[in-house]
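Copied from TrEMBL, the annotated features are:
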DOMAIN    18-119  domain 'Ig-like'
DOMAIN    126-215  domain 'Ig-like'
TRANSMEM  221-246  transmembrane segment
REGION    260-327  region 'Disordered'
COMPBIAS  271-307  compositional bias 'Polar residues'
Amino acid sequence: TRSLQITSTDQSMFEKAQGEKVTLPCTFVLSEEDQGPLDIEWVLIPADSQKKEETIIMYSVDRIFNHYYTPMTGRVQFASLDPRSGDGSLNILNLKSADTGTYQCKVKKAPGVQSQKIQLLVLVKPARTKCSIEGSQEIGKDVILKCKSQEGSPLLSYDWRRASGTQELPTTSMQNRDTGELLLKNASQDYSGTYNCVVSNRVGTDECSISLNVTPPINTAGIIAGAIIGTLMGLSVLAFLVFCCCKKHRDKKYEKEVHHDIREDVPPPKSRSSTARSYIGSNRSSLGSMSPSNMEGYTKTPYSQVPSEDFERSPGQNQTFAPSKVAAPNLSRMGAVPVMIPAQSKDGSIV
């Protein structure tokens, strides 16, 4: 006959959310026939049958040993401070998705030996859910509201609700609870408002919201015409600026060329000696053409009184030369070429 019996056999499957705490039950009763030492051991049975079992915690010889399984170090403990009382249940703190698996409780007190398996499923709550709009929010267009949870264990279920107005979805809407899409066909302004999306699984829920604003179609023709007009005006302004710059550049270039030509055409100033020589030479040529008969009445002007630099002065500034009293000799008798020397009158003019 079996004297040792495990009494916690009501539930063999547990579903918990990540981060929560779970208590895997393992209660037992002893009889007078059980005389050996009490041993309680919890092991994790791997999904792969080729791998060995991992011991998590053990009670033996009135001592607790909980340093066997590194991934659960510090997160496992017996539910009862004294497992000898008949409660060998296991507490797992701060559950992780990796804790999912099959756990086995073994109770031994010779000659009695009993065990029990419990399935644990650690699920992740939906989190970081985002809502978005796809399509043009114009009257008569089809609009798709999308809802997507970034975290969460399957199976996820999406449910769209209207948070404003009648709080009922439009009659033309089509909802996909598996993908989280809400299709609004042939949208009208009555569809405008705030929509909420609630995503859930077996361990929790999360939600997001978005505002829909259905507007009349945009006047694309007017926008295109305005863009064309604006472009033409911009090009006109640019062409005008280029023309002004070119004209200014040409004017500056013309001024430089004209200024340069004027400087090149200006003759160099006459020297004093050249002025005197040209004056004497011109008078000599005039006198050389005169005949001896035309020499009468002219007086000879001394060469020392021939003007040089004063010849270019104004008539008021010229010095007055006194007429010579020496009569001109008869050049025909001397065999010389007659030369006419100009004389200066009292008013300063040359005769």
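A Cβ is built for glycine as well, from the same backbone N, Cα and C atoms used for every other residue.
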PLDDT averaged over the residues of the domain 'Ig-like' (126-215): 93
Three-state composition of the domain 'Ig-like' (18-119), taking helix and strand from DSSP: 9 helix, 48 strand, 45 coil
Secondary structure composition of the domain 'Ig-like' (126-215) [DSSP: H/G/I, E/B, coil]: 3 helix, 51 strand, 36 coil
